[in-house]
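Trainee: Sharing a structure, written as C-alpha cells. Questions coming.
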Amino acid sequence: MGDLLAWDKTHLWHAFTQMAEYESLIVTRGQGCWLETIDGRRLLDGVSSLWCNVHGHRHPRIDAAIKAQLDEVAHVTLLGMSAPVTIRLARRLAEISPAGLEHVFFSDSGASAVEVALKMAFQYWRQKPNPEPQRTKYLALDNAYHGDTLGSVSVGGVARFHQMFEPLLFDVLRLPQPSVDHLPAGIARGDACDYYLQQFDAALALHGHELAAVVIEPLVQCAAGMIMHPPGYLRGIRQLCTKHGVLLIADEVAVGMGRTGTMFACEQEQVSPDFLCLAKGITGGYLPLAATLTTTEIWNAFLGTYAESKTFFHGHTYGGNPLGAAAAMATLDVFEQEQTLVHLQDKIARLSKHLARLAEHPHVGSVRQCGLIAGVELVRDKATGQPFAWEEKRGFRVCAEAMRHGVWIRPLGSVVVLMPPLAVSPDELDLLCAAVEQGILVATGTSAGS
Ligand SMILES: *Cc1c(COP(=O)(O)O)cnc(C)c1O
C-alpha cells in the first residue's frame, strides 16, 4: 500500500487536480452506491463517480452483460464494419430519444460527442441542397461546459478552466447564462425566461445567418455550478433556432440518462434538438462510450458516392466498442426492469425536503435542484449574496468533513454538488444530506440557525 500511495502521487497525473496538493484516495472496490478504499473505509458515492454511475456499482445485470460480450468479441471497429450489440444499441437509442433523431454516431467521451456534433453541423451547411457555407460560427452560453478537447473548449465558457487556452480556440458568440438564481437587478424570477429569450432572439436576428449551430446544456448547466435555466427556456430556444434556421445541439452528457427525472432532459419541454449528445451515464458509468444522435435531414446531406467527398471523415478507434454497447444495453434494460424512473420520483421529493432544510443555513446562498441533481451554493454573506473567494476552497472543506461522515462528494468552487446514483436508497439519501449538513457547519464555522 505504501508503494501505491507514493506512485499515485508521482506517476499518475490526475484530471482537474493540483498534483502538488493531491492527497491519495485509492478505491479498490465498489458495490451499489458504495466505494471501498484501500485502507478499509466505506464511502457513499455521492456524485456517482463524477456524474456517470446510474444503477450502482457492480450491478449484476450490467456485469453479466459485459462478461457475456467478452465471450463474443471485445472490440470491432466501426470503420466499415459492425457488431450486433452496437447495431441494436443504435436502434434502441433512436427509439427512445426525442422524435426525429434516427441516426447515431458513436464515439468514446462526452467531449468527442460534442466535437462530432460541431463538425457535422459545420459540414452539413456545406453539403446540403442550396449550401450555406457562410454558416461557420457557433453560439454558446457563458459558463458552458462541453468537455476538454479544443473544439468543446471553444464552445465552453468556464473562465477558470478555459481562459488559458484562448489563443487556440475558435470564435464563439456568447450569451449570459440564463440562471434563475443569479438574475440581473430588476428582473423578477417570473420574467427570467422572457428576458433571456428576448436576448437570444435579438442575437439570432443579428447573427443567425452566420451561425452553424447553437450549443446548450438543456435545463441545467452542471459544471457551471448546477445553474438552472428558467422553465420554458429550452422550448423557447428550440422555437427560436427553428425561426432563424439555426441547428440546435443539445449536450445531454450530464443531464441525460434519467438524471433530471426523465430519460432525457429535452423530454421535459417536448424538444427535439438537431443533435443530441450522450455519454457519462449511457453505460451506467461502466465503460467509455458516447453517442451523437441526429436527424435524417442532416444524415441525407452526407450521402453520395465516395468520389463526391461528402463522407464524414471522423472517427474514434474505440467508438461504439461492443463492450461499452453491451453495458449500455444492460443499463437501458435495468431502467425498464427496475422501473428506475418511477422510483426516482420519491427520491427527488426526499432530496427536495433535505435541501429545504439546508437552505435555512446562514451561509447557504441558494439551493438548486433538478431531478437527482443538486447544488448548494455557499456564500460569505447571505443578505448581499457576496460569495466566498474561490481560493478559500469552502466547497472542498465541506467535502473533507463529509468524508469523515462516510460520504464522498466533489464540489464545484463554492457549490456543493449532490449527484448520487439513481439507485440511491432513501436511507443513503438521508446519510448523504446529513453529511453535507455537517460539512457545511464545519466548513463555514457556524451552527444551524445561528
Ligand atoms: C462531462 C461533460 C462533458 C464531457 O464528457 P467527457 O466524457 O468527460 O469528455 C461534456 N458535456 C457536459 C455537459 C458534461 O457534463
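For all residues, glycine too, the Cβ spot is worked out from N, Cα and C.
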Trainee: Just to be sure I read the record right: G110, A111, H316, T317 are listed as binding pyridoxal 5'-phosphate in TrEMBL. Which of D45, D181, D251 is listed for the same site?
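Mentor: So the pyridoxal 5'-phosphate site in TrEMBL includes G110, A111, H316, T317 plus, from the candidates D45, D181, D251, D251.
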Trainee: In sequence order, what residues of the same chain, 6+ apart, have a Cβ less than 8 Å from the Cβ of K280 (substrate binding site)?
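Mentor: Within the chain, K280 (substrate binding site) has Cβ neighbours under 8 Å at L50, W51, C52, G110, V253, A254, G256, M257.
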Trainee: When the Cα-Cα distance from D251 (pyridoxal 5'-phosphate binding site) is computed for each of the binding-site residues Y145, G315, R410, which gives the smallest value?
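Mentor: Going through Y145, G315, R410 one by one, the closest to D251 (pyridoxal 5'-phosphate binding site) is Y145.
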Trainee: Of the binding-site residues G315, H316, T317, which ones put their CB under 6 Å from ligand 1?
Mentor: none
Trainee: Going by DSSP, give the three-state secondary structure for G315 (substrate binding site).
Mentor: coil
Trainee: State which of the following binding-site residues has the fewest other Cβ atoms within 10 Å around its Cβ: G110, G315.
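Mentor: Across G110, G315, these binding-site residues, the one with fewest Cβ atoms within 10 Å is G315.
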Trainee: Determine, using Cα-Cα distances only, which of these binding-site residues is closest to A111 (pyridoxal 5'-phosphate binding site): Y145, G315, R410.
Mentor: Y145
Trainee: CB neighbours of A111 (pyridoxal 5'-phosphate binding site) within 10 A?
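Mentor: Around A111 (pyridoxal 5'-phosphate binding site), other Cβ atoms within 10 Å: 23.
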Trainee: Between Y145 (substrate binding site) and H316 (pyridoxal 5'-phosphate binding site), what C-alpha distance do you get in Å?
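Mentor: That separation, Cα to Cα, works out to 21 Å.
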